[in-house]
């Protein structure tokens, strides 16, 4: 095949990028080399439009063992224990083929974690779909949920938390972000940096097929009218093989034979071999004729770019090949010595005794493009002027019913009941709470994790939205009694070639960085997914934040369910009734303008740290952060979980009742405290200058909002739980 500029463009490269390749090589690349460059230089693998801005994120902290740059981030949780975690996107494949796209997204992120020596202990996900009225939404949701459950359940890893949202901006591009946590001892962490010369390079796992070729390139482009033609680029997963691969790798890792290990994810054998060589500042020579293939007559181009799943690349110590082979034979997995490390600092590929590629590693990595793209700064929208006369026509009970049954608020039990959330026996807080919690096996420690995003806030003002979503993650961890330690992010945006989209990305990252730095909540891993658009219609900016925190004694964990009648309910944080960009404004007033609520980072940190003090003194019986839908929505969920009611104090309505109940001011929590502990608890709040108000009392009767408004617990449950089940089953 003749390689020329047009063929390079067909591979997703720009004209100037193709010229740069020819200049670096001092010749025209052959077809295999062109394929390798197209994979390594695409947006998905090279981060060419985002690296310039991501370098400013805070990535260090006293608990950080490994930050961005490896397969996953690693944090120290004490006693020689570490948690490995990361979130990644599988958006484009999941829109084309929802079951396999979601399944292989889960499989890929689990491999990232166990590649580093950690046994996966928990999965989470953040999934976003178009309008419920859109013709594709229901089938896409069903396929994605089945794919996530099908893979995670077969692997025997619990899915402990997640987020699901609906918005018309996802009609043409759904988002599927998968997150995994793993546990490892600090002295058994493995890395992908190759070292030593003449070391054997080993291929293990499944055979290589033609599935997923150009998967990474497809994830670096917008959709058009030919979406169906892209189905062959979607990988096909086999969780049972991955389970075997997990156990085989962990068995091999128990010894001292592994120098470096890398899973074959995006761009397959291409990215895994090049990343190992680049980090080790050496070369790798591979004989592609030795790669186990499941299809006949595969070319070097196909072998290098295949994204067949459940495969690993390992650099071993010399003389350990037979021992390693016995392990993988025992687990019925392919094992092949396909090459060796060299001093050439090149990727050299052979096929049928012919050299088919010869590329200096630095041309693929250090010399890959990096763009400081043009971007537009977003203006902070003006506050909306609400005509409060229209409130007179509204009834609180009717509004609450509508808010609780909103697709973005309602119970997602239909989804998470399809996931095994108790397998492994260490889940101590299941989905549906502020965060999922798993015990660190054999210890009193527990790890809490949540995943959050707020596309509406980020769309209204990206800088504020970026801050808010980090703070939301922080509050969710605080609410279960966990000290927040670190985050991973999945940054989902439209085309970076559009100045407005790029501006959304830049300012969201700035906001994210500011909040992370202030809260001492560093970013240890992540992923960028651009080109989430069909033709020129892009998604709302959707950064998803996966937060991880530590509970030193799992018996101090807190849940959101109300516990006992006559206990006191306090609102922590000041309530000013911010309705702009609230669910009330959008759903009830049909008002979509205005700025998101203001973020006060001092209050966020101070409020959260003070609540942890109260939790550690066992003053707090239940807690829940206040977010979408405001105070009354948060309180309703606490009532539903505990099957208890609450009576609100009438004196709260110093501002308009609807502003008080449904405003989305940030930095707030509802906490339940016994009357006996109230004096001591409020003393701590006052000593730490934390604003609080008495919200009311827990009761057994229902939610009593005022003299005219009482909602039974059964009605709350019905409003909150029925929508999704009815939508999916009718």
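Yeah, the Cβs are placed from backbone N, Cα and C, and that goes for glycine too.
Binding of substrate is attributed by Swiss-Prot to 89, 90, 91, 92, 235, 307, 308, 309, 529, and the same site annotation extends, among 111, 119, to 111. Together with 47, 86, 489, Swiss-Prot lists one candidate of 12, 117, 526 for binding ATP, that being 526. Across the residues annotated as binding substrate (89, 90, 91, 92, 111, 235, 307, 308, 309, 529), the two Cα atoms farthest apart lie 21 Å from each other.
Put simply, 263 is the one of the recorded positions 44, 112, 263, 526 whose Cα lies nearest to the Cα of residue 309 (substrate binding site). According to DSSP, residue 47 (ATP binding site) sits in a coil region rather than a helix or strand. Cα distances from residue 44 (active site) to the recorded positions 90, 111, 112, 489, 527 are smallest for 527. Checked against residue 89 (substrate binding site), the binding-site residues 47, 263, 489, 526, 527 differ in C-alpha distance, with 527 being the nearest. Comparing C-alpha positions, residue 263 (Mg(2+) 2 binding site) sits nearest to 86 among the binding-site residues 47, 86, 91. Here the active-site residues are 44, 90, and the one with the most other Cβ atoms within 10 Å of its Cβ is 90. Binding residues for ATP (47, 86, 489, 526) extend across at most 17 Å, taking the greatest CA-CA distance. For the pair formed by residue 526 (ATP binding site) and residue 88 (Mg(2+) 1 binding site), distance between Cα atoms is given as 7 Å, rounded to the nearest Å.
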